[in-house]
Every structure is written in C-alpha cells, then in structure tokens.
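Shown next, in structure tokens, is the structure this report addresses.
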Amino acid sequence: MELKNTIFLVILLSITILQSSSATPNRSESDQFIVSSCQTTQYPSLCVHTLSAYATKIRHNNDQDLAQTALIISLARAKSVTIFVAKLTKETPKFKRREYLAIKDCIEVLGNSVDRLAQSVKELARAGHAVASEDFMWKMSNVQTWVSAALTDETTCLDGFSERAMGGKVKRLIRYKVVHVAQVTSNALALVNQFAEKRSVKFP
C-alpha cells in the first residue's frame with residue numbers, strides 16, 4: 001500500500017507539471033484509451049492492469065501522459081525490487097558462492113536500471129515541451145535508449161539466475177519479481193515508442 005501511494009503521488013506531481021489544462025480526465029474515456037494503447041505492448045493485460053489504477057490522471061488520447069505514467073511506475077517498481085534483493089542478502093545469512101555473486105551482480109545492474117529510468121522520466125518531460133522536431137527527436141532518442149538499456153539491465157539480472165545449479169527458493173523469489181519489472185519496463189518502452197511516433201508526425 002505504501003508503494004502504491006508513493007507511485008500515485010509521483011504520478012500526480014509529474015502529470016500536473018505536464019498538463020496544460022486543469023480539466024480532470026473522464027474515467028471511462030481514459031480507461032478506453034489505456035486499453036486501446038496497451039494493445040501495442042508485449043504484455044497488454046499487465047499494461048492495462050498497471051495503468052488503470054491511475055486512469056483519472058491520464059488525459060484521454062494523451063500519449064505523453066500515458067508514457068510518462070508507465071515510466072514512473074516502472075521506476076518505482078524497479079526501486080522496490082532493488083531494495084528487496086538487497087534486503088534478501090542481509091536476511092538470508094547463508095548463500096552458496098554462486099548465489100551470492102549472482103545476487104551482487106543483480107543489485108548492481110538493477111541499480112543501473114533505476115538510474116536510467118529516472119533519467120528517462122525527466123527527459124520525457126522535457127521532450128513534451130520541445131518546439132522543434134530536431135529537439136523532440138533528440139530527447140526521445142535519449143529516452144528510448146535509456147529505457148531499452150534499463151530493460152537490458154533487468155534481463156542481465158535474470159541471466160545470472162538461469163543456471164540449474166542455482167538455489168531454488170532464491171531463484172524463484174528474485175526471478176518472479178524481476179520478470180514482473182522487466183515486463184512493466186517493456187510495456188513502458190512500447191508506449192514511449194508510440195508517443196514518439198505519433199508526436200513526430202505533428203511537427204512541420
């Protein structure tokens with residue numbers, strides 16, 4: 001509940017900054033927009049489930065609101081998983097050497113993922129204010145590169161737990177949580193790409 005409240009607050013503040021209108025989005029229209037937009041993602045059901053909780057903060061047909069919200073959620077969940085994995089090393093006193101090294105590497109690459117997603121959230125906000133096509137495309141290229149790299153970081157963490165010799169319980173716990181984050185990040189990247197494509201055609 002605390003994490004969801006944190007995500008809600010960050011999204012509320014971020015979208016308030018981005019909005020040029022103070023009008024409250026219609027819940028039904030926003031829900032329809034979310035469902036339609038999520039069909040372009042690799043995990044549409046997860047996409048809808050993740051974003052629907054914040055439908056009232058996403059303006060109808062506003063692809064930037066949608067992409068921004070998806071990125072913020074991805075960032076919050078990546079942070080949560082990084083904290084979880086770090087705590088796991090402290091709460092579980094005995095690890096095989098292979099497990100310990102895999103967890104250590106995982107914490108490092110997840111930290112990189114968090115940094116890249118945080119950069120992406122800020123850059124996407126700046127891209128929304130771009131008045132020239134070249135400036136917009138440059139900023140969106142940065143966002144796409146960083147989110148893609150964040151997804152690679154998350155996948156790299158999973159690779160460390162792919163060996164059969166890896167302990168079952170630790171492997172299941174970490175894989176379950178990191179797979180979820182990777183899927184959320186994948187969806188966010190798809191929505192970022194969608195925003196970049198739609199917005200770019202509007203420039204002269």
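First residue shown is number 1, and so on along the chain.
Backbone N, Cα and C define each Cβ position, glycine as well.
Note that the structure is predicted; figures quoted are calculated from it, not measured.
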Cysteine from CYS47, CYS106 that Swiss-Prot links to CYS38 by a disulfide bond: CYS47
CYS157 (disulfide bond) versus CYS38 (disulfide bond) - Cα distance in angstrom: 26
Neighbourhood of CYS106 (disulfide bond), C-beta criterion under 8 angstroms, separation at least six: VAL85, CYS157, GLY160, PHE161, ILE174, VAL178
CYS38, CYS47, CYS157 as disulfide-bonded residues, winner by CB count within 10 A: CYS157
